[in-house]
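Read the structure below first, then the notes.
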């Protein structure tokens, strides 16, 4: 974690200068005590800090969705379902309990904002700025004592820094501080450029392609809102689409599908590589920030930012994502080429559709096929793929693993209790089986353990896929049973939905709760 790494290094500096410069011991002791308090706030339990952030956003989003009127006067969603929708948008999970087309244009704008500020790229950027802002307010950094062009440290070891020609502790502080600040601005630029270009591309495509334009017009959706909503949802890997059928109604618009594929990849597996490439380009093109760029690229592990990888690890992440896509595409081609969802498409459209589906299974969760109609093998593969966390990659080289172990040892990160992701998923499935036991008894073909497992894994992976609910599978025919386009969770009790809200929250923060620390 970046805050823990940063605070640990700063404390190392204070300890070093306590020994080397006794006459400044009093002032350094005071700064060190303030720094310790700051580090306690920032890094003792980042898991709970971020939980509070997402809970606050969810409540704020619920208030906005509840105040605004839906599109139809005949039906207004329940308040609990609006809160569930707000949580789903904030955690970029796209699990749905309401049909998207009942939401008005202002409500779609609220959801767009929630997805944007709840997305991983935005929250990581905000974390960088917040950490630097707090450190500056606490007088941790002393500006103005470094000249750009001085030799740069390869690591943050105080013993080595003391031997560097003419370089002081304040030089390194300054360089670290401004490098992190520069990294935040690079992420901000990346975030804005990709989303603005993506929105413009979607807008222009729909404007010039009559079939896409007529689809949007028939559903009464605003083109501008749809373009921004779809772009942000795809980039943040949320998966919400303003239509009830998700992307099924656009399955013949291959150009639009390709744009969404690019956005989904740029927002997740390609982000670390694109971030590193952006820093490298800035260093080559803008001489004033060359020192910051070099420092960031050479001290990736020391900085400890979750999305800034070494070149090798970035390639591993991209390569692993490519393997997942290829494996799923091969299975789709072999088993679903002539399925009902694809039979109306020509070979080119089918190929793009299979690629779109393969990418979204582990990324945004958008779909052009009817998932319940797919073969069991494909559904099992989708379930396994959704389980893997972001940035899953093949094992790294030995020296990186050793360095990571040494780093954790230095930081004193010893877990007192472990709760694996797989075990937590099993616990949540068990809890949902308890809350939905009545439905399982009365409607056993819809409320099956596998459907529960699929929904929980999808929520924990923040993917958003669902097998839905079918009135035809009911044992007892009911005239008032109508098939809806929202997810399977929409048919659950409020207790079951509450459990899934917890799952979405924990899934959004899975990199913090892989190892839970109770101290």
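The backbone N, Cα and C atoms fix where each Cβ goes, glycine too.
Nobody curates TrEMBL annotations by hand; they come from automatic prediction.
For 47-68 (among others), the entry in TrEMBL reads transmembrane segment.
Here TrEMBL flags 108-130 (among others) as transmembrane segment.
Beyond the transmembrane segment (180-208), the same-chain residues lying 6 or more positions past its ends with a Cβ under 8 Å from any Cβ of the stretch are 6, 116, 121-122, 124-125, 128-129, 131-132, 216, 223-224, 226-228, 230-232, 234-235, 253, 255-256, 259, 262-263, 266-267, 274-275, 278-279, 282, 289, 292-293, 296, 303, 305, 307-308. Taken from TrEMBL, the feature transmembrane segment covers 180-208 (among others).
The transmembrane segment annotation in TrEMBL covers 220-242 (among others).
Through the fold, the transmembrane segment (254-275) approaches residues 119-121, 186-187, 190, 194, 198, 201-202, 205-206, 209, 212, 230-231, 234-237, 247, 307-309, 313-315, 317-318, 320-321, 348-349, 352-353, 355-356, 359-360, 363-364, 366, 368, 390-391 of its own chain, all at least 6 residues removed from its boundaries and within a Cβ separation under 8 Å. What TrEMBL lists as transmembrane segment is 254-275 (among others).
Taken from TrEMBL, the feature transmembrane segment applies to 315-335 (among others). For the transmembrane segment (315-335), same-chain residues at least 6 beyond its ends with a Cβ under 8 Å from one of its own Cβ atoms are 265, 268-270, 272-273, 309, 354-355, 357-359, 361-362, 375, 377-378, 381-382, 385, 388, 391-394, 396.
Positions annotated as transmembrane segment by TrEMBL: 377-397 (among others).
For 418-437 (among others), the entry in TrEMBL reads transmembrane segment.
Positions annotated as transmembrane segment by TrEMBL: 449-468 (among others).
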- Answer key: the stretch among 47-68, 108-130, 220-242, 377-397 with most Cβ pairs under 8 A to the transmembrane segment (449-468) is 377-397
- The recorded stretch from 47-68, 220-242, 377-397, 418-437 sharing the largest number of CB pairs under 8 A with the transmembrane segment (108-130) is 220-242
- Which sequence positions outside the transmembrane segment (377-397), separated from its termini by at least 6 residues, show Cβ-Cβ distances below 8 Å to it? 120, 268-269, 272, 309, 312-313, 316-317, 319-321, 324, 327-328, 331-332, 335-336, 361-362, 371, 421-422, 425, 453-454, 457-458, 460-461, 463, 465, 467, 510-511, 514
- Note on the structure: Under 8 Å Cβ-Cβ from the transmembrane segment (47-68), and at least six residues away from its ends along the same chain, one finds 79, 82-83, 85-87, 89-91, 103-104, 106-107, 110-111, 113-114, 117-118, 123, 505, 508-509, 512-513, 516
